[in-house]
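Input: a single structure, listed below in structure tokens.
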């Protein structure tokens, strides 16, 4: 880990709680490192490097024994701290070598999500992201539908920008979301004081947003059947949080609520993991769960498929000097937060006198929106 192409002082989604057990490890590549996840005897999640230091065997195809991960090659066992706890071939009179260990990572489990800290040092923020709409007692219980994790052969930045973009659905999701190309007069963006996230909203005072569409396609059919078609724009918003969490909160005039939650985690410089979940306060039954699960899977699959087709050849940060318009304000805000935090982390490590100027320059670049003449 410690990949400085990304903010590392942040929590990243590593998986769903139900994916991790105390029998077989789950292996995922995160921030350039192959990492295994399993549960110890106390049912706590453990995250370790996936390569055994003995002969380099893959611990990801090992098994969990007495709360330790056992290497499939020679049976060496490693505990939750990454230290070797047993070597079957070693005589009891011999000590286990001090360097018989693997890196252990800081992980946390909250609201059904497994989070991993982006660097090996202790978290500066001990608490992973926590969202009110995922609380069991919120709104007398929101219904949650999770998609399977998707591995995207496209850069983290491109996948996040796609998740936060609200103008591509008519072109990428003609059957699932449909609708006419949205007109975006302006969008309100409010940054957190610590610049680790932001809140955004389509300007509810602009008449262009009074004509609420989106009742076509699979989603539109579901909304019409459930009687939740018209949005209360003043109460709808979207949000981005470091590491790569995006969610859209919708409030309907009927009082019903829904949230589309997306969590993106870098696998390496050019690939990413994508986790999606839909949360709703209405139609709390298994049939609607099934319908929404199919819709979410198709929607997320379309997103990743098209991002891979169109953007997989791009480098870590996409193209140089992209041309942006008003509709791209959320993506520009994400870039501003993303690069500001990389610069802040570099400044903490190097204390460079030029860092303040660099951050100011990047902030300006990430707020550039082309005017009507295209300049």
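Cβ coordinates are placed from backbone N, Cα and C, and glycine is handled just like the others.
Ranges compared are 314-344, 345-375, and TrEMBL records region 'Disordered' for 345-375.
Counted with DSSP, the domain 'Rieske' (11-116) comes out as 6 helix, 47 strand, 53 coil.
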